[in-house]
């Protein structure tokens, strides 16, 4: 069906098939990505709402609406970027360049924290460090008789630590990949010339890794400023607001125009820093041209530091992967988080409603609401993985086969735009655009399609990246020959590119699936009782004080995510070249 | 292509659709028995409720009316209002029954634009005061009042005057839910401003001098809010956090906090020692109605009415199964034939301000901005 439709569509424009496809792609991207963003901007410019700009930026309330949250956001962004580059860079150096023992294990573990949702790490922090400031159950450490000061239990310090523990694997991956490309000839030449290790590190390794360091820093910065879960769970009890939590609060209480203004400013901050990162990178691009495959250089001999450094790396990896997972599992079983390892019960998992426990909430296995949320969340993950893979592949195909001209440039720019937009601001924009009927289209608020298109648009940069990677693996010659025999574009895509790229596409789809499963910031505003999602339910249970239920749901999310990630790793064993010895 | 006229006319068509919502006056006069077969045909009813106790109502309802599935969603009033407005502009009918506090906002944002409709079961109409059935049906009166830990204070409430909470001994020891997250707490803040004369008198009584106001502060109530925040008021996100902080047994120097008097019912199950501060001037907090209404777009109009009828309780002196979750110390039924719970201070003796929703609605936004500027 679709083949004949596309062919008959293409026939009237035999010369402009590419052009028509480009226009189509541009229209889809415009609706998915640009539309919502333009809409919130227009929304704040309407006569009723324009005063929101002065309220937020200059009025009596501006200090608490914007400036204090902005300062907190920037402190978080800079702190997390520095911490991630230091820890990620250190681990990458150990794994790629030195003779530290168990390099493979460390390398694998260092990529895991990013798969653990940041709200899971935040909940785990709370289970350990919670003090009595806000009442409720105190944490495990206070249960042991220690006194936890407020600054360690709540606010900036725990948020920073949790976010660094979450995002450092991003910096690790980027820097490790760059270090793996350091030309061994250069290092050997330097060694023969008698250069000291420090000299080699500063003179050769660091300059080559510099673009990756900057990229790692700007990616982790963008992640930190847009993160909602960690500051919401750890910061609000001491009234620490970031722009993301302020935006959520404003929208939830119905002050939408003020919320949209904060959203626009948050996008601006995030975009500014990613742009600065790119600027620094483009100035240093010459280093990327060092190519040629020499043999693997001799690894740095760590000597007596070998074991201590290994212990440090192991400690970092354990604390950011195994420990939070153990705490989550334990605290989903323990009636009191101050005694995590005693009186375990399965009530929070399988128990029936009992009025004396947690106001009669049944265990998550018994709650029909959570069952429907699980199927909806998994369904959404699968659906978004499919649609975004398809759109990503088509966008990548268009760019790869004819990437010149202003239209292609525009497509390229728009498809990477969501990377600059924090999830929660994206969610706000989607409500603004699709919350009410547009022309003949019905309103999508509270429907599955809204979640689907928002998720698809949000993850477009990743799926386009995947699409480009798999398309570049498929030789253009095959496509050319097929075209010579008269195959149409869709035919070529379906008969040649997709089958050859299926492995890579499946792996990319699984990554998208995991990102949706564990996402909170995008969906926290799109959530409605008719479209319950696991991550939002976990967040709600946590903020209502039902930590065991929150942790139990989080464990479910973790299990599904990790299973999918391991499958993705199986499919693309090539993705971690630095692990090869 | 000129799409504009087409889009415009389509938009117009779409706009008129919600106006076709169901309105069924004939159902309003039916008894529960007459509603039952119609409700059974509908088979389901969706309730948005601001209290977790709705889970118990759901069980009791389904036991009383097998064949009708009650789907309940526990959402704060603030969230219900946001959702109902968003759903209305989206033309979605998700809720049938709305069980909500935040009367000031409900009247203005939900009732006036016609998103919800009044319904009073005929059998209880004669048992209610006029202001309990108009503009909306009030099911019970709920509270946000100052509570203390009776285990740590065996000789009685540790506070005699609200202004004590702004003094050094109470620094970091007063806890409540963020008024920007929960409307009933914003109503409490607003009531303090509405009752500024009482607050000024209480200031005189506490400090022996007339109150002096900060720059840009116009009333004694606002000054109290400013001073309370300055004294490291602790804000949390749910009343259970307040209850646990104030009420947990075994504390040496527990805080006091504003929460629902009725949460005292959980003392035994949760290991709390919550008790109301009823000796404080000028008042210990607010008492306000919890209202029941029908969504104007309700798909299950008969089942919705049956559910409201059920929530109003039966003719026994404690209200029976439908009212059971609410027949607790600290909640006060609006029905004159349901007696106050024996463990609670009788309604007449409770030192709480009864709020006037329309007066509150007028200055609520200003108080909200004040609170925002203090955070």
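Yeah, the Cβs are placed from backbone N, Cα and C, and that goes for glycine too.
Checking TrEMBL for transmembrane segment across the ranges A:347-365, A:442-460 points to A:442-460. Within the chain, the transmembrane segment (A:21-42) has long-range Cβ neighbours (under 8 A, six or more residues past its boundaries) at 260, 263-264, 267, 391, 394-395, 398, 402, 407-408, 410-411, 414-415, 417-418, 421, 425-426, 428-430, 432-434, 453, 456-457, 460, 489. Tertiary proximity for the transmembrane segment (A:108-128) is limited to same-chain residues at least six positions away from its ends with a CB under 8 Å from its CB atoms, namely 88, 91-92, 95, 139-141, 158-159, 161-163, 165-170, 172-173, 176, 227, 229-230, 233-234, 316-318, 320-321, 323-325, 327-328, 330-331, 337, 340, 514, 518-520, 535, 538-539, 542, 547, 550-551, 554, 557-558, 561-562, 565, 576, 579. The recorded stretches the transmembrane segment (A:376-399) and the transmembrane segment (A:520-542) share 3+ CB pairs below 8 A when only pairs 6 or more apart in sequence are counted, and are therefore in contact. Within its own chain, the transmembrane segment (A:151-179) has Cβ neighbours under 8 Å at 72, 75-76, 79-80, 83-85, 87-89, 91-93, 95-97, 107, 110-114, 116, 118, 121-122, 125, 129-131, 133-134, 139, 205, 208-209, 211-213, 215-217, 219-220, 223-224, 227, 230-231, 234-235, 237-238, 240, 319-320, 324, 576-578, counting only residues six or more beyond its boundaries.
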